[in-house]
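> Take this structure, written in structure tokens, and hold onto it; I'll ask about it next.
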Amino acid sequence: MCLNSCSSCVPEGNSSMETSHDEYLQTAEWLLSHTAHRPKVGVICGSGLGALADALKSQDSFSYTDIPHFPQSTVQGHAGRLVFGELGGKACVCMQGRFHMYEGHSLGKVTFPVRVFKLLGVETLIVTNAAGSLANSYKTGDIMIIKDHINVPGLAGLNPLIGPNDEKFGPRFPPMSGAYDKALRRMALDICKSRGYSQFVQEGVYCMVGGPNFETIAEARLLHKLGADAVGMSTAPEVVSASHCGLKVLGLSLITNRVTKDYEDTESVDHGKVLGVSKMRSETLQGLVSELVAQLDINGTTAE
Ligand SMILES: O=P(O)(O)O[C@@H]1C[C@H](O)[C@@H](CO)O1
Ligand code: HPA
């Protein structure tokens with residue numbers, strides 16, 4: 001990547017254009033030749049939520065270091081493994097560790113696995129993350145079903161789709177108004193209700209910021225006023241890329257901390273606290289995701 005900040009180089013370093021279609025294909029073909037699983041469902045595990053992958057049966061697991069063209073994880077709580085296996089009787093592929101913009105990855109790299117998932121035959125993507133709450137009614141430990149997102153880097157021109165459009169994946173100008181599939185959200189809400197989770201389940205708007213620093217108080221107030229219920233440092237680019245290539249998406253945020261909007265507040269957040277809360281709720285999330293996957297029909301829609 002060019003380090004001279006010349007304007008003609010900026011989009012290249014932040015989009016998918018540094019990856020040729022052949023590279024996505026090579027990665028997908030390598031994976032398909034190393035596992036018998038043919039997943040229709042992909043899962044991305046957020047910070048501290050890698051245990052979701054442990055629920056997969058008959059696992060084939062690959063370290064990111066061994067997969068051709070795959071980026072590498074650098075963040076604590078993101079193991080760096082791609083796990084294939086069965087969940088709720090369905091073949092799944094699970095990223096135990098995702099890539100963030102703040103690690104120095106281009107958005108093309110951040111979203112590289114999503115396009116590989118598409119080439120593997122994935123139809124439904126479940127993205128999870130750890131996030132801080134902005135909504136006053138949210139509590140630490142809540143699960144937020146993502147209804148929509150505000151992509152702050154995207155609004156500022158940092159979008160994985162910048163550059164020549166790869167028509168084999170999707171259109172130049174993809175709509176995003178239905179990025180978070182309504183039927184999947186309904187299914188998740190119903191499962192939460194039947195499992196007795198209703199008192200700690202929310203449906204709201206996720207806001208992505210670049211990170212890696214947590215928000216200032218003024219920033220938190222701004223994002224809340226803009227309509228965000230929770231804030232985090234991932235997910236939006238993955239969802240943009242997934243929606244572009246026609247994947248159905250369910251997004252789940254685990255609320256790991258309250259983001260302070262009050263100058264008198266002395267509470268602060270760190271990554272250790274985020275991981276602690278993720279760990280506490282990962283079994284609950286695992287139950288929800290397993291049941292949801294079990295209820296998907298082969299095309300990723302609701303079973304009768
Ligand atoms: O990968 P996610 O979005 O779950 O990770 C969140 C955002 C930062 O990477 C980290 C901060 O603790 O957790
Ligand atoms: O408060 C937060 N802000 C941004 N990202 C986060 N990821 C977990 N908690 C937070």
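Each Cβ is built from the backbone N, Cα and C atoms, and glycine gets one as well.
Note that the structure is a prediction, hence the values are computed from the model and not measured.
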> To which of SER194, SER198, SER234 does TrEMBL also attribute binding of phosphate at the site defined by SER47, HIS78, ARG98, PHE99, HIS100, ALA130?
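Looking through SER194, SER198, SER234, the residue TrEMBL assigns to the phosphate site is SER234.
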> What count of other C-beta atoms do you get within 10 angstroms of the C-beta of HIS100 (phosphate binding site), across all chains shown?
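22, counting other Cβ atoms within 10 Å of HIS100 (phosphate binding site).
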> Are there residues of the same chain, six or more positions away from ALA130 (phosphate binding site), whose CB falls under 8 angstroms from its CB, and which are they?
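Long-range Cβ contacts: GLY46, SER47, GLY48, LEU49, GLY232, SER253, LEU254, THR256, VAL274, LEU275, VAL277, SER278.
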> What Cα-Cα separation, expressed in whole Å, is found between HIS100 (phosphate binding site) and ASN257 (purine D-ribonucleoside binding site)?
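HIS100 (phosphate binding site) to ASN257 (purine D-ribonucleoside binding site), Cα-Cα distance: 19 Å.
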> Give the sequence-ordered set of same-chain residues, not counting SER47, HIS78, ARG98, PHE99, HIS100, ALA130, SER234, with Cβ within 8 Å of the centre of the Cβ atoms defining the phosphate site.
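The answer, listed by sequence position, is GLY46, VAL75, GLY77, GLY97, ASN129, MET233.
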